[in-house]
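Engineer: Pasting in a structure now, in structure tokens, and then I'll have a few things to ask.
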Amino acid sequence: MARDYYEILGVARDADKEEIKQAYRRLARKYHPDVNKEPGAEERFKEINRAYEVLSEPETRARYDRFGPEGVSGAGVGFQDMSDMGGFADIFESIFSGFAGGGMGGPTQQRRRGGPARGDDLRLDLKLDFREAVFGGEKEIRISHLETCETCSGSGAKPGTRPRTCSTCSGSGQVRRVTRTPFGSFTQVSTCPTCNGTGMVIEDKCDACDGKGTNQVTKKLKITIPAGVDNGTRLRIQQEGDAGQRGGPPGDLYVYLFVNEDEEFQRDGINVISEIKVSYLQAILGCRLEVNTVDGPVELIIPAGTQPNTVMKLENRGVPRLGNPVSRGDHLLTVLIDIPTKVIPEERELLEKLAKIKGDRTGKGGLEGFLGNLFK
């Protein structure tokens with residue numbers, strides 16, 4: 001039986017994202033195969049990675065909370081997409097970079113610091129009308145992100161010139177300081193203050209981007225909203241985040257969807273819920289009524305003798321299942337019976353006759369006794 005992901009990370013089920021991230025960092029540091037050579041450490045590390053992969057994303061976490069491991073089988077973004085973590089190297093860099101011989105401060109890491117860097121992911125919150133969420137469709141959005149400067153092709157240098165290798169760090173992006181103590185020598189590694197860790201110095205900056213290599217650009221995008229989305233659904237638009245640095249790929253744009261409330265309809269999973277009001281005579285005798293659905297007006301049969309709060313079902317008139325729009329939920333209508341507070345004399349006379357036939361007593365205040373018994 002699979003272990004509980006919250007138990008694996010050692011956090012409560014109501015832990016917030018930061019608590020989950022901190023727990024993951026602590027355990028990843030302890031069980032990473034490059035650090036922990038004990039038997040079983042690698043499997044434990046994979047287990048920790050999978051738990052974080054599910055619990056760090058609101059969408060997969062919600063599915064896991066509701067359905068357990070079966071609800072997220074095959075789910076997850078993959079560790080390579082966890083941009084907010086910066087990768088395994090960044091986690092361990094913060095732990096080991098201050099010490100020589102830590103295994104994380106060698107030439108490979110120096111090249112990585114000055115090499116291509118992926119752009120940041122961006123988030124956009126988008127509101128949808130109720131029917132837009134039900135049926136999906138195309139939506140135009142406006143975003144502002146960093147794009148590679150066309151003038152300097154992202155180098156940050158004026159056309160015709162090139163950045164030079166930083167003389168302070170020799171292009172590594174890092175400077176080292178050796179401290180000698182009675183316990184031995186320690187090497188502290190920090191970001192080069194001259195080039196800010198890039199390993200390159202721009203002497204003649206590009207006028208178009210002021211040496212940054214990127215420009216802030218506002219643009220319009222058309223995105224496809226799948227049928228059946230709900231509050232909190234996340235769409236990933238690849239390579240529409242901020243531009244990368246030094247030739248690195250751009251990040252992604254994550255669009256979080258939020259659905260406006262509807263005056264008539266509510267939603268419960270893939271079912272649509274609404275109410276319909278009928279007169280007490282329609283409830284007693286039965287009738288045919290036209291009711292509104294997300295697909296438009298539909299005829300509904302109210303059977304004779306329908307009781308208050310009876311739920312009528314219109315099959316396949318609900319919300320399409322996300323990822324499988326052929327499958328739809330139902331439309332559930334709660335019947336509310338409108339009992340009048342006042343009746344005309346002719347109507348009262350007829351009702352009193354009916355009450356006598358049924359043997360019901362009527363009070364001074366009207367026909368509560370009769371109508372109350374009628375719907376028992």
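Using N, Cα and C of the backbone, Cβ positions are placed for all residues, glycine too.
Checked Swiss-Prot, it gives:
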type	residues	note
BINDING	CYS149, CYS152, CYS206, CYS209	Zn(2+) 1 binding site
BINDING	CYS166, CYS169, CYS192, CYS195	Zn(2+) 2 binding site
DOMAIN	4-68	domain 'J'
REGION	102-121	region 'Disordered'
REPEAT	149-156	repeat 'CXXCXGXG motif'
REPEAT	166-173	repeat 'CXXCXGXG motif'
REPEAT	192-199	repeat 'CXXCXGXG motif'
REPEAT	206-213	repeat 'CXXCXGXG motif'
ZN_FING	136-218	zinc finger
Engineer: What else in the chain is close to the repeat 'CXXCXGXG motif' (192-199), if you only count residues 6 or more beyond its ends and a Cβ gap under 8 Å?
Structural biologist: 113-114, 165-169, 171-175, 245-246
Engineer: Can you tell me the mean pLDDT for the repeat 'CXXCXGXG motif' (149-156)?
Structural biologist: 91
Engineer: Relative to the mean position of the Cβ atoms of CYS166, CYS169, CYS192, CYS195, the recorded Zn(2+) 2 site, which additional same-chain residues have Cβ within 8 Å?
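Structural biologist: Apart from the listed residues, the neighbours are SER167, THR168, SER170, GLY171, SER172, GLY173, GLN174, VAL175, PRO193, THR194, ASN196, GLY197, THR198, GLY199, MET200, VAL201.
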Engineer: Closest of the binding-site residues to CYS209 (Zn(2+) 1 binding site), Cα to Cα, picking from CYS166, CYS169, CYS195?
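Structural biologist: Going through CYS166, CYS169, CYS195 one by one, the closest to CYS209 (Zn(2+) 1 binding site) is CYS195.
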Engineer: Enter the number of other CB atoms within 10 angstroms of the CB of CYS152 (Zn(2+) 1 binding site).
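Structural biologist: Neighbour count, Cβ to Cβ under the 10 Å cut-off: 23.
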Engineer: My understanding is the cutoff is Cβ-Cβ under 8 Å with a sequence separation of 6 or more in the same chain; which residues meet that for CYS149 (Zn(2+) 1 binding site)?
Structural biologist: GLY156, CYS206, ALA208, CYS209, LYS212, GLY213, THR214, ASN215
Engineer: Cα distance, CYS152 (Zn(2+) 1 binding site) to CYS166 (Zn(2+) 2 binding site), nearest Å?
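Structural biologist: For CYS166 (Zn(2+) 2 binding site) versus CYS152 (Zn(2+) 1 binding site), the Cα atoms are 19 Å apart.
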Engineer: Taking Cα atoms as reference points, rank the binding-site residues CYS169, CYS192, CYS195 by distance from CYS152 (Zn(2+) 1 binding site) and give the first.
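Structural biologist: Nearest candidate: CYS195.
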Engineer: Around the Zn(2+) 1 site formed by CYS149, CYS152, CYS206, CYS209, which additional residues qualify by having Cβ within 8 Å of the site's Cβ center?
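Structural biologist: So the additional residues around the site are GLU150, THR151, SER153, GLY154, SER155, GLY156, ALA157, LYS205, ASP207, ALA208, ASP210, GLY211, LYS212, GLY213, THR214, ASN215.
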